[in-house]
Structures are given as C-alpha cells and as structure tokens.
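Below: one structure, written as structure tokens.
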Amino acid sequence: MTDTTHTATSTIASSSESSAVSATSSEPSAWARVAAAVTRRIPTVIAVIVLFAAWEAWVRIGHVPSTMIPAPSEIVQATIEVWPTLGPASAVTTYEGVVGFLFAVLLGVVIGIGLYCSRVFNAAFYPLLAAAQTMPLISIAPLFLIWFGFETYGKIVITAVFGLFPVAVQTVRGLEAVPEFYSDVALTCGATRWWTLWHVKLRVAARQIYGGVRVTAAYIFATASTAEYLGARKGLGIWLQAAYNSFRTPLIFSATFTIIAMTCLLLIAVNLSERLLLGPVGDDADPDADQ
C-alpha cells in the first residue's frame, strides 16, 4: 500500500510539476512579497488615520457630548485607565473565542466531510444545519444558560455551534470542486477511496476550506461577547453590560475596539497558518488570502 500511495501522490504532483518549475524562476523573494503586502496596506492605514482624525475634529468642533459619541482621544484615555479590569475580561473572551473557534473548525471539517461523502446524511442534516444558523443567538442563549450555567464552557459551546457552519459549507464546496482527474489517478494507482479523500481531495480543497475558516474567525469573538452579555460571570460581554448600565460610552467603545483588535489578530493567525501549511498564494489565486 505504501508503494501504491506513493506512486499516486507522485503521479498527481507531476501533473503540475512543469508549470511549477517554470514559475520558480520568476517567483518574487520573501522580502519582495512582504514589501508588496505592506504597500497594499498603505491606503487602508491612511483611510483609518483620516477617519479617526475627522472623528476627533467633528467631536471637538461640534461639542458633541462624550455620553453620545466620545472622541478617539477620550476612548484611548479611558482604555488606559480601565485596562486593569478590561485586560482580564479580554483574556476570558479570548479564551472562549479561541477554544470555540478551534472546535468550530474541527467539527465543521468533519461535518463537511460527512455531508460530502453521504448523500443521505447531506439530505437529512444539511437543511437542519442551515436552519440552525438562522436562529438568533438571543433566542437560544437562555437554553444554553439552563444547560451549562454561567461558566465559560457554555460560551465555548455557543461559539463552536455558531461558528462551524461556514467551515462545513466551504468543506463541502471545496471537495465538490476537486477535479475528478486527481481521484482517478489515485484510484488507478491502487489507492483506497479513504486515502484519496484524506491525501488528495482535502489537500486540493484546503484553500477553499480556509475561506470558511476566515469567515468563522471574523465573528467568533463577537459571538462570544454577545453570549457573555446575555449571561456570564466574567468577560467582555459582562464588561460591556456594566459600561452600558453606567452610561460610560467611552468604555463601550473601548470594549468594542478590543474585540475588533482580537478579531484582527485571529485573522492574521489564520492567514499565517494558511501560508505555512499551504504556501503563499498569488493575488489571482485567492484575493481574500491577505484580508
């Protein structure tokens, strides 16, 4: 079996070997790719700076009360002052979000494989999975509170359940998009269908699966903090609730920007893992890879 599977892998890889060799000479260096990535981000950085400058000027010139819209400088000052309490709350939400995210990715891939491999399983459970995503979090959060209480693992379950759908969908679509040529070559060389699935199809579909992983990463911390807001002992959701009840608007913005920063860091980690596992992607191959 070892010689057969090795032959299948070698045969599949050789189908694109010539194009890969020809592209190697023209492939930019690592520093060139980094410089290009930084250059592409310059307009975004400038736009953010202009936005915050206009925001600051509008609040100062228009004498807008901080209870309505605080200036960015007030938000920064408030964040520094309350960081001894905001930091631990952020750590709790980070833990819940990251663990829930990992479970969502794992379960999403497994469920996606099951939906792809079994038409009966797909017909029976895909509509239920899609319908579950239409339910608002506020309507089912009380059930999770009854089942799991106010502890952190209840929030992990919520984030995992709400985060697995994009991964599962993209897993199915990615596997369906794999050309039959790859499977035919592997099966012709004597590979089993399971070996072909794990070592051929999933490798080819990995790029598209990562698209679903990025979608999940984009809202996983927002889901965790919302679950905390509806019922928890600690975390950014409870912190937001306390800031709202005391009408401290700058603190609401502090927690909001903290969630945004956590989300950006998670997306960077996802993109980095994709590059490490699958290699860099050209702009024409995946326009979302650097987002």
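Cβ atoms here come from the backbone N, Cα and C positions, even for glycine.
Taken from TrEMBL, the feature domain 'ABC transmembrane type-1' applies to 90-278.
If you look up TrEMBL, you'll see 1-20 marked as region 'Disordered'.
Look at TrEMBL and you will find 42-61 (among others) tagged as transmembrane segment.
TrEMBL lists 98-117 (among others) with the feature transmembrane segment.
Per TrEMBL, transmembrane segment is recorded for 124-150 (among others). Within the same chain, residues 111, 114-115, 157-158, 161-162, 165, 168, 223, 226-227, 230-233 sit at least 6 positions outside the transmembrane segment (124-150) and bring their C-beta atoms closer than 8 Å to a C-beta of that stretch.
Sequence annotations record features per position, and here TrEMBL assigns transmembrane segment to 156-175 (among others). The list of residues near the transmembrane segment (156-175) in space but at least 6 beyond its ends in sequence, with Cβ under 8 angstroms from a Cβ of it, reads 96-97, 99-101, 103-105, 107-109, 111-113, 115-116, 122, 129-130, 132-133, 137, 141, 144, 148, 197, 201-202, 204-213, 215-216, 219-220, 223-224, 227.
Positions annotated as transmembrane segment by TrEMBL: 251-270 (among others).
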